[in-house]
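Quick notes on the structure that follows.
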Amino acid sequence: MDMMWISILLAFAMLALLSLGVWVSFTLIAIGGLGLILSENYQVDLLFATSSWGASTAWSLTALPLFIWMGEVLFRTRLSEDLFKGLSPWLGGVPGKLLHVNILSCGIFAAVSGSSAATAATIGRMTLPELRKQGYSDRMAIGTLAGSGTLGLLIPPSIILIVYGVAAEVSIARLFIAGALPGLLLVCLFMGFTMIWGYLHKDELPNTTGHEISWSARIKGLRKLLPVVGLIGFVLGSIYGGITTPTEAAAIGVTGALILAACTGSLSRHSFMDSLLGAVKSSCMIGFILVGAHFLTLAMGFLGIPKALALWISGMSLSPMELILYLTVLFVVLGCFLDGISVVVLTVAVILPMVQAANIDLLWFGIFIVLVVEMSQITPPVGFNLFVIQSLTGKNILYVAKAALPFFLLIGVAILLISVFPEIVTYLPTTMSQK
Amino acid sequence: EKWHMPTPYGDGNLPTQIAYTFAQEIKENTKGELDITVHSGGSLVKHTEIPRSVKTGQVQMGEVFLGILGNENPVYKHDNIPFLATSFEDAKKLWEAAKPAVSKQLDKDGMMLLYAVAWPAQSLYSKDPVNSLADLKGQKMRAYSPSTSRLADLMGTTPTTIQVPDIPQAFSTGIIQAMITSPSTGVDSQAWDYVNNYTDVKAWIPKNIIVVNKRAFRRLDKATQQVILDAAKHAEAAGWTKVAARAAKDKATLIENGMVVSEPSPQLLKELQAIGKTMTEEWKAEAPKEVGEILTRYQN
Amino acid sequence: MSQLKEKLYLCSGLLSGLCIVVITLLLLAQIVGRLCGFIVPSAEDFAGYALAASTFLGLAYTFREGGHIRVTLLIERFSPLPRKIQEGTILVLSFCLLCYLSYACSYMVYESYIYDEVSYGYIPVPLWIPQTTVAIGVVALNLAILDALIMVLRGKQPTYSEQEDSLSLEEI
Ligand code: NA
Ligand code: NA
């Protein structure tokens, strides 16, 4: 059968199964199996077992359940409440108010965690219930979280930059440094958008502060932030102080959260078990979807669909800007159906030579890739941030995707900005080589 | 017929480039009857799962770093015994000596050896210059296997496990101060960003091997089988010629980027050779008969 | 009988949670080991095995709690009878899929056992041992799906969808 027809068939089958209410992970496995059979590969059983074993024992993923657990523990302490109480005197006067807590906490937590699912899960567990309680618009609370959760990939450490760095033979240390400014840029874009939105939709925000807030109240508020800041500082310090690697930092984070919970008296046998079972529920869900995504990726590798699409683009002899445009579209389309990291793995061998031929800086291209992968994290039907937020809120994937749409577009703006001003990416790494 | 061949390393690496040429030659000489798709960089199958995938016929061919098979059988360990074979000539001789035992073991697992490609010799990267082992005493050195761990012990350093992607950060934050790896890996990860000294001790010369599933191979007609065997012979020959050039080029790149590249001092060399002797003895003790045979063949 | 079932589901969740605790302890041990100059042999391997065990052993518990997510946008608009047919259909489909996966994973364990496969790190761990947790987890999920299917056939609402409904009610 023609590859185009196979692709269309697989996409339709996936949409059909999903809309029938088949669980996401089961759907991905079924489509992967169908893909293998269509590629005339009949060892579906062996391939499933090998791919699942490989996917579920990956060292880089061990941090995920720990960060999720950390979020569950913190959710059961007074810490999340304190986070809001401490920040509200500062953010109360800013349009969009406490919605910025989502963006800022994700930005900070991203410096600890290398994955966007872990960032969205940990921060969302703390912030979403509190924002809802205070009467913030659900849609905006979810949108800001879905959008800024993706910062986990851009701000170092980052799983995807490691994958890219190894494949493209670009220094991972440089990639990490290159991600810092674009990360800040995204934070600014998200906050700017939230301010404009807040200014236009005053009716959808709780009406708390009509009067000026005194500086003493602000300073008092800061005190409430001490435990949270201490915890994050402790984890960051252990990474940059040379005590742990980023993966191991998750263990430090959980331990710190448990100690904090114990100190504030909110740790009991009951809450410990509750938090652990809560973590089991989320991490099993994500873990099994990852198993399915990995299996589907394997089928795509055998079928060669992403590779063929990349080859088709490379045959068009495009200018560098056109190439970037086409690649963005390619990644966004593939990213709807496949997990973003898989898209990179499947296409990098074809794409890198054409990127080099077009004289595009490989370091810059790495950050570009992260941005498009971030977009794929929030596009339906397969988007890991959407899955995480659906399981946190019970809201439908499409609702979450709609809420995340403005942030999807803002990442597009960021891509445009780094294309026009590549220095945003390359400036910091060049200062590094002059040491 | 369409075959799939997963390889563990990216396109910039010599073994992967040779794999592409190998697949191309087979396609041409069979007039397109046998079309092998190379899936580089672990994009189809993760490195650690490649042996199993070939063994069970999930893919027909695959490439694997010989060192990771050490736990399955001591004969595979010939590939990473430090200071046993330190020049390409010796490494080739050692490979010829070990080949019958390796082939036999692979055959037992349903696989057939096609060819091997060597890496440039593994040398010492360190934060501070090293003139003798005393300079390394008490420092932390990266270890990733029982034998690198033992080596670190014998060198008077503390073995420390670090995953490959974490290496740059581990050096800059002081988790480790030394590691032994090839100049190619150093160039790939731009080692000059995080470490200054490269001492060319040439500890050992590891290889990647390319294997084919026995059943898949037997199902081919005689002519096609011969095409594969010929291509494998060419690939192995090309590997040994190109790796020497590659080693020189990579070392030059390290110098170009400001790393201090030095030859080991006679004192250091003497100390390291003593360690090599100890580790060879320990290896021999693991399987006196098989390893003994390899060593006798190698040393004569 | 139903009490025993409850206990088994909870057991699935607790075993999975235990594995998360094990990962935490392993990573902490590795950090401490690095500070004190000893190596925890194969810590990454064991953390990986614990991760796989955690993911798979908790599948049944997660399924019953409605933790595995799906798109309910279309099906929640169905009237009761078509909805029952839809749930029945997807449960039968899922049951068939999981029967196949149970076979695939069990066969993997068997194959690792007869081939004497061992891990590549410091300690040569026979792979069939950690792989058994994967097979057990998939089989348990398979049984959980069967359990839900029987509930639907008896005309009751499956537990996972009760959980889904309570979640969305709480949110509206
Ligand atoms: Na990050
Ligand atoms: Na997506």
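Note that Cβ sites are derived from N, Cα and C of the backbone, with glycine treated the same way.
Residues 46-47, 50-51, 53-55, 57-62, 65, 122, 137, 140 of the same chain lie 6 or more positions beyond the ends of the transmembrane segment (C:12-40) yet place their CB under 8 Å from a CB of it. Summarising the annotation, TrEMBL assigns transmembrane segment to C:12-40 (among others).
What TrEMBL records for C:23-154 is domain 'Tripartite ATP-independent periplasmic transporters DctQ component'. In the domain 'Tripartite ATP-independent periplasmic transporters DctQ component' (C:23-154), helix, strand and coil residues by DSSP number 99 helix, 2 strand, 31 coil.
Summarising the annotation, TrEMBL assigns transmembrane segment to C:46-63 (among others).
Residues or ranges marked as transmembrane segment by TrEMBL: C:90-109 (among others). Nonlocal intrachain contacts for the transmembrane segment (C:90-109), taken as residues 6+ away from its ends with a CB within less than 8 angstroms of a stretch CB, comprise 128, 131-132, 134-135, 138-139, 141-142, 145-146, 148-149, 152, 158.
Sequence-distant contacts of the transmembrane segment (C:129-153), counting only residues of its own chain at least 6 positions beyond either end whose CB sits under 8 Å from a CB of the stretch, comprise 5, 8-9, 12, 49, 52-53, 55-60, 63-64, 84, 87-88, 91-92, 94-95, 98-99, 101-102, 105-106, 108-109, 112, 159-160. Here TrEMBL flags C:129-153 (among others) as transmembrane segment.
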| field | Sequence-remote partners of the transmembrane segment (C:46-63) [C-beta within less than 8 Å, at least six residues beyond its ends] | value | 8-10, 12-13, 15-17, 19-20, 22-23, 26-27, 125, 130, 133-134, 136-138, 140-141, 143-145, 148, 160
